[in-house]
Amino acid sequence: MRRLPIVLLLSVFSIANCAKVDVDLINETIRDLLHFKSSDPNVTSFHRSSHTLTEHMKNLYENFIDEDSNEDGNLVRAIEPAVGKFEGQEVLVFDVEGFDSHESIMRAELHFYLRRRDSFARRRSRQIRAKSVCVNEYCRQQTLKKIRVGGDENLEEYKVIWDATKSVFDSYHLDAKQAVFRITREHSKMRPYAEMIRKSTPFLVIYSKVNHTLDTVSVMKQTEQTKRKRRDLGNEELREYYNYNSIPLDNDDREPIKRKNGKKNSLSEEISSEDVWQGFGEETSREERERIANEELANDVRVVLLQNKNRCHKEGVLVSLKHFGWDRYVIEPKTIETSFCKGKCAKPMLTSGKASNHAMLQSLFAAEPVCCAPTNLKSLNFWYRDEKGRTVIRNYSKMLIGSCSCL
């Protein structure tokens, strides 16, 4: 039986009990999730992406969050071009090297924006043409077809999108390192490509499907190799092991949550001085809240209701990416939640709880106790820059616990 990604993530951090986790293990886990090979998150820097590309990927990322998936794939890349020359003519060169093995290219789009939005914008957009340039003897040059711009009809006046799926698909399967395109305009000469990139911000968006499962064996192996290198250099003490206890998820750093009556909930200050996660790991020790407040906060990913400390609830830690230097790459999220379900289920179950019908029946007749387990699992989505500076969105399905209940 195939294990779910959430199980793999928890098995790496081992947070079900008192854990002993070091910086190397955390770094290697994040590196594997981002599919990085060797880059040091504290060294590499990139130029700033164009505003249009950033806004496009931001909208896609928000769609992933809202829909918890995307029908076009679980991996999206946005690539900005460099200017090259082929057969004496300028071309746009996109870096498609280093894609995942066994990756399925689902769709590719070439985006182009018209800088001037005047009365002639629609006519100019109709005059723009794009075609792929074959730099491999086994491929063929293709004229790209335009895709109708969804949403606001006015977008068609200054935004052009071409279907580049076939060209990118061929480049990937021919092991090409670059996808090359030429953009022209009917009855008119195009401006120099360097200026065109600056003003029209063309970029290539590629949707793919990949097997997103955390490789725990590889993570542990790479962690040991990192430690071995450090020992060889005599720097064993540069990374310490940290002891910490799993804690109910809450956020002591955020502003107090306001209730409908305008009052604020005070936040717990009972954080152990030995807790390595202090400052970005969260702990709560709250008194029983009013019923209406409980209902409002029950689905808050950071809030655990402690009416009964032994009740079925979600527990874990929030790992800050900034604390480990990965904020240089990762745009969103700021933290990674590693949580699990913990607590006991009453026997017999009470109807006031959120138990399933099966749990209610089992609590009456079965010898085995009812299990505290996830009632739903959510995706973990990364929006980041990869080692080559390309903007990427990765979707790991069923990696986060939405809520826990007695099942």
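Residue numbering: from 1, along the chain as shown.
Cβ atoms are placed via backbone N, Cα and C, with glycine included.
Just so it is clear, the model here is predicted, and its values are computed rather than measured.
Taken straight from Swiss-Prot:
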{"type": "CARBOHYD", "residues": "N27", "note": "N-linked glycosylation site"}
{"type": "CARBOHYD", "residues": "N42", "note": "N-linked glycosylation site"}
{"type": "CARBOHYD", "residues": "N211", "note": "N-linked glycosylation site"}
{"type": "CARBOHYD", "residues": "N395", "note": "N-linked glycosylation site"}
{"type": "REGION", "residues": "252-283", "note": "region 'Disordered'"}
{"type": "SIGNAL", "residues": "1-18", "note": "signal peptide"}
- [ ] Could you say whether, by DSSP, N211 (N-linked glycosylation site) belongs to a helix, a strand or a coil region?
- [x] coil
Open item on the list: Fewest other C-beta atoms within 10 angstroms of its own C-beta: which of the glycosylation sites N27, N211, N395 fits that?
Closed with: N211
Task: Euclidean distance between Cα atoms of N211 (N-linked glycosylation site) and N395 (N-linked glycosylation site), Å - done: 10
- [ ] Please report how many Å separate the Cα atom of N27 (N-linked glycosylation site) from that of N211 (N-linked glycosylation site), as a whole number.
- [x] 21
